[in-house]
Structures are given as structure tokens and as C-alpha cells.
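The feature active site, glycyl thioester intermediate is assigned by TrEMBL to Cys176. As annotated by TrEMBL, coiled coil applies to 203-243. The compositional bias 'Polar residues' annotation in TrEMBL covers 300-318. The feature domain 'THIF-type NAD/FAD binding fold' is assigned by TrEMBL to 3-436. Taken from TrEMBL, the feature domain 'Ubiquitin-activating enzyme SCCH' covers 353-392. Residues or ranges marked as region 'Disordered' by TrEMBL: 298-327, 551-619.
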Amino acid sequence: MSRNTHARAILGADHARLDSTKVLLVGAGGIGCELLKNVVLTGFKNITLLDLDTIDLSNLNRQFLFRKKDVKQSKALVAAKTAAAFNPDVHITPLHANIKEPQFDVAWFGGFDIVLNALDNLDARRHVNKMCMAANVPLVESGTAGYFGQVQPLLKDRTECFDCIPKPTPKTFPVCTIRSTPSQPIHCIVWAKSYLVPQLFGEDEDEGELDDAERQGENAEEIANLRKQAQAFRAVRQALRSTNDDPEAAAKAAFEKVYDADIQNLLIMKDMWRSRAPPVPLDFDTIQSGSFVLRGTPAAPQTNGTSNGTNGAATNGHSHAPGLKDQKTLTLGDNLRLFVSSAVRLAERLRAGEGTISFDKDDDDTLDFVTASSNLRSAAYGIPGKTRWEVKEMAGNIIPAIATTNAVVSGLIVLQALHLLRQAPNAIRNVHLSASKAAIPLSSSSVIPPDPGCAVCRDCYTVVRCDPTRATLGDVVHGVMGGAGREVSVFEGQRVLSDPDWDDNFERTLDSLGIVQGKFVTIVDEDDELATIAVAICLLPYNHPADGPALVLPDPLPQPGKKSKPRAVPPPSPTPLDIVPNTPAKKRRRDEVDDMPEPSAKRARVANGSPSKAQRLEEDGLIIVDAMDVVDVDADAHGDAAATTGPEVIELD
């Protein structure tokens, strides 16, 4: 009996077609490992596996294609090598790369018969979704979180795409709450991770903004106060880095700055504490001697859920032992010792030549420091403390990953992929795995037609192959329009490149405008009557004559249809469980607002410059706003094709 006997018996004549089917598998994590094994054993023989990540020790409990010796190596390369042994006839092409790199353009996606997603973040999912819609390649989307999972087949013009589905707004916290008035453990953890660690161990801050504010006539007293605070932090930073200073003394100086001086400054603002309990400054020496009294009670061990002045992080002030010890609580004194010991370890790393240090959930030194720092802050504000294990979950935004869930979901992915390859759209289903229904954990629902107002799958896509250094924007727009006299505006992403009253960029080359391989030029009907044309920019074929034309237009030219009205929003009513990546598991409601922007024909012109720091951070899921506003995170989680987030973590700059 051959290795393909069972698969051939189940699939019949369809099994023979798998030999020539080209599969792109994006992601080699929890789902990706299971899925690669299934794809190989089903009989697919031409597989491209792409993943940007490297293997971490924490992956080994569920990503079974990896071993301890593989830690720090490429997931794609190791997974391909391991899975190749399952079938000697299989050909797996591993790519250690980012799926958003320009060489993976629409033409590249078009070379596959099906794409299987096993990704772990929202931005990459949206990118793959758009590329598959543009290339008209079937896509199977998936996600897991704990005991929950989902598989969704996506087929252009037949099913809704990933961006047809509204994504709930990420949870937010006011910046002033994080910095001055925390009331929950997560506030203290975010403060320690995103404020204190960068302040002490990150890059030195530039005072240029204070200089600018002073020149513009801002409040001189406030600026002087800010300079004083910055100078105090700078002195602590220098002490942590200087080999002439005692690292324990530097750690004590950091403690006294953060938990005594800063809190004393906050207490001066009497109005802030009229309706809330004020924080209590912490004293290093009395905590160390065991004589410190917090809110009338001597500091003593506490259990989680109480707030008698102590916190939990680990079992002692000097170790970071794994296992059950991480789930025990600490006294206030233990947190102090852990703060000092972790600060000393981090200081020694800086003195050994490590330039900057940032938080990493798998870095024991930074995890110990964040645990102790957040628990000490919680003690000052009368907030229950968290164990080291809990801090790691919350600060690392860890999503519970269960190998069995990944295995079930990966099997469902292959089943839906086979339906798509059979070109049997009536057989494809959205499938959900839910632990809330123990008797019937699996449920399915019919696929939903595309949303007529979707900004992604309702565009009219076409491909222009060109040399961006020679082809001009006018060549592309006029060529694709085919001489049509319609008034249009032209965009690249959120940049306005031209409108009916301004076509200066038409004479410029694509390369000079930053439009290169992998980019899209969007042509929007000014009258908003016809569908948007999205032009994918690809390179000329390798055999194109050197003296040939600078671009090759599509044949036939795109014929955009009438623009459809957006799908009517029904009254709020729960639908079958639909787990949306990086959002809390809940019943999806169609009245939620999609956060995917769509170019507007009447959009104001924007500058054609390089993105600011705020724009770059926003692309990474981080939004910087004013002090009294809120900070959002698009939860670029690090879980296994995460369908939901774990504890909310808000990043601050």
C-alpha cells in the first residue's frame, strides 16, 4: 500500500490534480506547522512556504516541526526541511522573508493556484487578502485563540473578502491614566513596559521639542519643570551605563526618582485627587528594612485580587525560575529586591556594550524588571498586583495557543481548499470551532456575497508591467484609461498624485514618485459613478527587449462597472460566532464600522513627502495622540494566527 492510498480513495480523480497544484502557504507558526504537514500528506507536491519569523523557545510546545537545536533559526527553512521527510516526492520552496516585500507582487501571487493563510497579524492578513483579490487567486483564511477557531474560504466575486468584514475598534486607554492616574494592573504594566524601560534603557531623548516650545513662547515654568525631570532621568541613565558607578546605587536612584520624587510631584496637584485616592510615595530604605507601612498596614504578602500593599511577580528577588514559581506572589520587599537585581542585570548588559534594551517577553531580565516595576507602582496606587506569569501574558499580549485547536483548524483549511480547487463554490463553508458548545464544537455557515461597498474586493484590478525608471504616471493612467474622457483622481495609498485640476505629476517617472514594484496606483472616478481601477505595478518580463517600450498595458483594458451602493446595514442582531483576528472573541455584528479607508475622489491634496514618525508608528498599529486623548493599538499580536487578543496591551511612545 502506497503512502497516497487513503488520500486517493477519499479524493478519487481529484487527487491526480494535486501533483501540479501550486500552493502558497503563508506562515509557519502554530497553524502553519500543522497545515504544512497536512498539505504534504494530502498529496500536494508543489508548495511555497513563506515566513519572516525565527524559532523561539516558547514555540516548541506546539510547533512540532521544530526542536530545541533549531531555536533562532528561520521557521520557513526548518519547517520545510522537516516536512520534506514526510513525502520524498514533495518539493517545498522555503522563503525567509516578509510577505509585504515588493518582489511578492500581484504577478507573483498569480503564479499560485491557491493561497493558505496561517498569519498572526491583521496588517499582513489584509495585505494577502488584497493581493489575492487583485490576482484572482482563491484564499483560505484562518485563525485560532485558545479553544476557538475559524476557517474562511475567500473567492473574488463569490464570497466576501477579509476586508468586507468589519473589525471592532481596538480597546483604548487615556494617556493621562497610564502616566498619572492608573486604576488597573494593566495600566501599571503598560507604564513599566512602554514608558519606564525605554526611559532607563532605551535611546536618549532629544530635547529639541522643548527648545522649539520655548522659542514659540510656551509656558516657561512648565518647560523648566520638564527640563528638570528630563535631567533627573538623564542622570539615572548615565549612572546605569557608567562603569564608575555602583549599579545597585544606580538602581536605588532610579527607584527614588520614579516612586518617590515623581509621586511627590503628582501629589502637589491637589485637584487631581479630589475624587480618587492619591498614590503613596515609596521609601527605598524602609521597604528594604521591612518597616515601611503602606496605607496604615505594614507591607505583607498578599494574594491576587487583594490590595493590602504587596504584589506578586516571582518567588525571590534574584531569580527568574520558570514554572509554578512564576505564579506565586511577592511581598513589597521582594518586589524591591527584584527591581534592584533586574536593574543591575540590565545595567551590566549596557556596560558590556549593548546599545539599547527594549522589552521582550522572552527576555528574563526585562520581564523581571517590568514585573517588579509594575507591582511597585500598583502598590503605590493601591492596585492588586500580578504574578510574573500574569505580567508576561499581559505585557507580551500572549494569546493562548492550544495544539489541538491548531490541528483541527488546519484540517478544515485543507478541506475548504479542496472545495475551492474543485471549483465547487456551493460546497465551501465558513467553519467555526467553539468550546462553548461541547456537544457540537464545530459549526458552519454559508459564505456571504461580497459587500458592494468594500474598498478592496469591489475595485477593478489590472496589472501593468513596466520599467518604473522610464514609465511615467501619465503613461500608466492614459494607457489604462484607453483614451476615455472621464475626469479622475489618482492615488498611491493615501497620497494624491493628481486630480482634474492638477496633473503636474503626469510627466514624472513612477520611480521618482516612489511607485515601484508591488505598489498600486488607484484611479478614482471623479463623478463617483464607475468602480475604482486599482493598477498593480509589476516589472517587465525577463525576456522583454532592452529597447522595447517602457510598459506593457493589459489586454484587454479594464472595464470598470457601475459603482454599487454599500450593503444596507441591518438592525443589530448576533450572527454565528465569527472570530476576527486580533480582536476579542465575540459574535460579529454587521453594524460595526470597518476601519479600512477608501480613497475618495474629493480628498484633499496631501504632501508628497516622507512619512513622519507618527505615520510610521501608525502603520505599525500605533497611534500617537495628545496627552488627554487615547492611544490605540491595532494589536499586531505574536500568537498563532491569532483570532483573538489576549489581555489588552497599549503601546505608548
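One is the number of the first residue shown, and numbering goes on along the chain from there.
For all residues, glycine too, the Cβ spot is worked out from N, Cα and C.
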Residues in the domain 'Ubiquitin-activating enzyme SCCH' (353-392) grouped by DSSP into helix, strand and remaining coil: 23 helix, 0 strand, 17 coil
Neighbour count (Cβ, 10 Å) for the residue listed as 'active site, glycyl thioester intermediate': 14
Local confidence of the coiled coil (203-243) - pLDDT mean: 73
